[in-house]
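Features as listed in Swiss-Prot:
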type     : residues : note
DNA_BIND : 97-172   : DNA-binding region
COMPBIAS : 51-69    : compositional bias 'Polar residues'
DOMAIN   : 215-474  : domain 'NR LBD'
REGION   : 50-69    : region 'Disordered'
ZN_FING  : 100-120  : zinc finger
ZN_FING  : 136-155  : zinc finger
């Protein structure tokens with residue numbers, strides 16, 4: 001039956017029953033497994049490849065497996081290189097999670113730029129918000145641990161700063177006096193400058209890992225040069241159906257497999273990152289599995305903001321023939337999605353079907369676009385945010401503790417690199433603060449869950465890129 005002749009039946013493009021593993025919580029496993037039949041044999045990346053196990057590259061995505069994560073890991077191992085250790089043997093219990101970098105208590109995550117417990121997080125936040133200035137009676141040499149962390153506030157705050165906690169990351173609008181308060185308390189800025197000149201800090205910097213990583217502008221330049229945004233936006237699965245009356249099935253098949261193409265592009269991008277060789281392959285696998293949906297939305301959002309001009313917040317009228325995505329009106333974007341989806345499929349897709357299946361995703365993506373456009377992110381800030389997003393570990397990560405430490409250290413490095421960039425003077429100086437960007441990241445995370453639930457991974461790209469203007473290197 002012609003899709004245009006009926007609004008009661010669900011168009012094939014919205015029928016996801018043919019995805020054998022679509023019911024799994026993490027759809028990435030399906031796509032990674034399917035990639036095994038389409039990718040070339042493992043690339044020789046370095047000396048570790050001499051130990052490469054023989055992985056099958058013909059596994060069917062419909063075959064049952066006792067461990068879908070293991071199957072997915074095999075595919076990523078074949079793309080990224082050889083794991084240095086068995087990821088299973090490196091798994092640790094939740095009870096052995098990372099410790100607070102300030103007092104050694106159990107860490108609850110990354111707070112203001114450092115992995116800390118709730119106690120040190122709250123102490124740091126209150127100190128900055130209340131503009132406290134502490135003094136030590138013991139020459140600033142008090143030991144700070146779980147038992148005596150409350151004995152000397154001065155040394156505790158000093159250690160917070162030395163471990164990378166950022167006063168700039170504390171919300172300005174929660175400061176006494178609201179947003180009119182100073183974003184960086186001058187006393188803290190002065191004290192931080194003094195601390196960084198101390199012998200202890202210099203020795204700590206000399207001992208820090210990842211000495212091979214470039215720093216500052218050089219690191220950002222490498223990230224900009226290696227970014228795969230053009231390839232990620234110009235997805236082959238979004239080609240226009242050449243005939244207006246041809247079978248809709250092949251186009252639907254391309255769209256349902258577009259996750260393959262997305263993951264492959266993200267894997268290739270990961271291999272170009274300056275810190276690729278600093279982490280074992282199982283860490284890259286774990287990070288991509290957790291964060292690929294966020295990277296999709298971030299990339300599509302930045303592309304839209306760099307190509308289109310955000311519309312007025314007062315825009316409420318439906319624009320029937322618009323060729324631009326709206327940053328404020330989900331209804332405009334639903335109509336845009338309907339037009340472009342019909343163009344790709346060669347069949348008219350009823351608007352009510354698009355609204356029913358993609359409405360929540362389009363609404364959330366529009367909201368995300370609006371908030372992201374307000375940040376006015378530069379290309380340099382975008383690539384830093386992208387690296388920070390990839391390196392964000394969940395609290396229940398099962399990676400080996402030593403790997404978790406490395407990932408957190410790397411993320412800290414990119415947070416500080418972003419901070420330095422945001423404070424660069426000049427004509428192109430950023431008006432956005434680090435705190436504003438950190439506040440936006442949870443919105444990105446929440447939107448990614450809607451994308452995963454919808455299974456329509458092509459929607460952000462189809463909204464941001466007119467399929468008539470796709471460019472391929474062939």
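For all residues, glycine too, the Cβ spot is worked out from N, Cα and C.
Non-local neighbours of the zinc finger (136-155) in the same chain are 100, 102-105, 119-120, 123, 127; each lies 6+ residues outside the stretch with a CB under 8 Å from one of its CB atoms. Averaged over the zinc finger (136-155), the predicted model reaches a pLDDT of 89. Helix, strand and coil residue tallies for the zinc finger (100-120), in that order: 3 helix, 5 strand, 13 coil [DSSP].
Per DSSP, the zinc finger (136-155) is made up of 3 helix, 0 strand, 17 coil.
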